[in-house]
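Undergrad: Here's a structure for you.
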Amino acid sequence: MVTLFCAVVGVAGSTFPVDINENKSVGHLKKAIKEEKMYQFPADELQLFLAKAGGNAWLSSLTEDVKKLKKGEKTALVKSLTQEEKELQGEDPISECLEGMDPPKVKQIHVLVALPPGTSSAPISDGTDLWLSRFQHSEVAKLTLLPTRGDLNEFIGQPLPVKIGLPQSVFQAWSSPLILGQLLRDKLFELNDISPCEFLKDSVFSAAFLYPQVDGDATESAFHYFWDSIIRVVLGFVFRRAYVNRDSSRKSSSGLKRPDFLFALDHICVFRGEEKEPRTSITVPREELSKKLVWSYGGVPYVFGYAASGFELELFAIYQDVTGNVKTHLIGGFNLQHAPERFRLVLALLNLCLLFPAIVQNCPASAGTEFMDIHRANGVKVRLSPIFVDKIFHTQEEYRRVKQIYDSLKAYGVPCADAVVTVDSDQLRLTLKPRGIEMKPCSLSELFVALGNVLEALVVLHRNGWMHRDIRWSNVIKHIDRVEWFLIDFADAAQSPQKYPSGDHLTHDEHASDIFMEGGSHTTAVDLWAVGYLVKTSKIEREWTAEPERALFLDRLMNPDPSARPTADEALQLLSRFEREAAEQESQGKGVRKKHRRA
């Protein structure tokens, strides 16, 4: 068995080895070369020549002839070696061809391969899919392997782990300093005339990328297509199933909410952008990157974003500092008016793509709800943003009814409840605040807080003759930044009493039975039953009922007879007493345990 290094004449690319038994024929060698290079024509159409340097020596890889050969150029020596009379014949044995030559070694060229006429410069296949597969296999696998914030500037400028193959004509044309330059070219691309990434080239480096039709006096809207032609195209090309949205708060009346550009993997916004027209200072979108973000990414070191003002663009790592504040760390600046800077941004974005999966995999579930659209069965669309919640109604009637309810809540000063901050009658949209997280209490002390918050709201609500009617944990939401809860979704709220069938659409297993009694009516007492239901469906019902008086209180709350249930005022007073007693018992227990340890 012998290893022969082969080079294709007239085609840019690296040499390749072929292992073959010396007892085989040149025809077998042609077949092996065809299989290695996946050529789509018969093997016998290949022409093979020995790469002799003179005497019994082989062409050295260090010579100028071989260097030019790899670039697709034919030197006088290569032309002389590939004359027709020197072609190896298919029936010739390999051993006879090698007779009199030095034993083949590495750093040599042994066989020159000439392709059939008409195929010398034609690609055999598009290399885009193979490039993408290899590139994605280069992703950073673990969170601990992510570069530090301080190293990100160097990281985004490093050569790609898998270079993008370009045909010789494009490779040479883009080498101009006005387009790319050799240093940046060699970080992004490599010569490949056999299977260049034609689809990638045409998709990412399109005419819109190379020759942008926008100038420095254009509006922000005019720049959207330009920014997208780089950022959206690159990210979307690498991650085909990602969610990409832009300008999603423009139609909203609630001010700061969603970013101007949003890129999410598995529902997690790992990359975002804030954009302004050219005449705006870039400090404005830079500050919006941190102001619009409420950190929900747990312990990951950072996510990413950009600030753009016309052609000026800055890349940032966005992180949470030790005090809990969201900060930005500049990792790169670009003047996209110039072609080399646009290519440099592509390099930075592709390198950042290598980090996205590890970040997404280590985010908590809450990060996936930062931006989410929920479609209710009643036709209401709920749009979640970091700080706000939009509710878009299906009918004018429903929009007005819910708006009137929230207007009443505001007039009464109902505490511990969400509130409408802006309205859009044209879009049938109510924007509510705050935005919290759906999380049940994890301890008895937290349950006291949550129930107390609900009862504080009910005291004021009931005092003004209203009832919520749909209290359950999905409508009791925890604040993002503190251990307190608030009541949401007053769409089913009504004045007390209500006659059957009002409220009949509610679920029987989650609501008091008096709502569903034919011919009957229900009052604010249904909300007290619901407070008991919160205890029953909490994570710590057993701990609650371990105290007999608390267990009796739970029975009273959920008594089938509405008149036997306590009022919200009474329930809040009892809850406060239970909370004090539990705190005293906990304090006494700690004292006893401390004495035992001393003993």
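Placed from the backbone N, Cα and C atoms, the Cβ positions cover glycine too.
Sharing the record's features from Swiss-Prot:
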type: SIGNAL; residues: 1-17; note: signal peptide
type: CARBOHYD; residues: N23; note: N-linked glycosylation site
type: MOTIF; residues: 110-116; note: motif 'HVLVXXP motif'
type: MOD_RES; residues: S249; note: phosphoserine
type: MOD_RES; residues: S281; note: phosphoserine
type: DOMAIN; residues: 289-590; note: domain 'Protein kinase'
type: MOD_RES; residues: S385; note: phosphoserine
type: ACT_SITE; residues: D470; note: active site, proton acceptor
type: MOD_RES; residues: S474; note: phosphoserine
type: REGION; residues: 577-599; note: region 'Disordered'
type: MOD_RES; residues: S587; note: phosphoserine
type: MOTIF; residues: 590-599; note: motif 'Host nuclear localization signal'
Undergrad: Can you tell which of the modified residues S281, S385, S587 lies nearest to the residue listed as 'active site, proton acceptor' in space, using Cα positions?
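TA: If we rank S281, S385, S587 by Cα distance to the residue listed as 'active site, proton acceptor', first place goes to S385.
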Undergrad: If we skip the immediate neighbours and take only residues 6+ beyond the ends of the motif 'HVLVXXP motif' (110-116), which ones have a Cβ under 8 Å from one of its Cβ atoms?
TA: 4-11, 18, 29, 33, 39, 41, 45-51, 58, 78, 81-82, 104
Undergrad: Determine, to the nearest whole angstrom, how far the Cα atom of the residue listed as 'N-linked glycosylation site' is from the Cα atom of S587 (phosphoserine).
TA: 91
Undergrad: Please name the residue among the modified residues S281, S385, S474 whose C-beta has the most neighbouring C-beta atoms within 10 angstroms.
TA: S385
Undergrad: Looking only at the motif 'HVLVXXP motif' (110-116), what is the mean pLDDT?
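TA: Taking every residue of the motif 'HVLVXXP motif' (110-116) together, the mean pLDDT is 91.
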Undergrad: In the motif 'HVLVXXP motif' (110-116), how many residues does DSSP put in helix, strand and coil?
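TA: Helix (H, G, I), strand (E, B), coil: 0 helix, 4 strand, 3 coil.
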Undergrad: To the nearest whole angstrom, what is the C-alpha distance linking S385 (phosphoserine) and S474 (phosphoserine)?
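TA: Distance (Cα to Cα, whole Å): 17 Å.
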Undergrad: CB neighbours of the residue listed as 'active site, proton acceptor' within 10 A?
TA: 22
Undergrad: Using DSSP and collapsing to three states, where does N23 (N-linked glycosylation site) fall: helix, strand or coil?
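TA: Once the DSSP labels are grouped into three classes, N23 (N-linked glycosylation site) ends up as coil.
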Undergrad: Whole-number Å distance between the CA of S587 (phosphoserine) and the CA of S474 (phosphoserine)?
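TA: A Cα-Cα distance of 32 Å.
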Undergrad: Round to the nearest Å and give the CA-to-CA distance linking S281 (phosphoserine) with S474 (phosphoserine).
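TA: Cα-Cα distance, S281 (phosphoserine) to S474 (phosphoserine): 43 Å.
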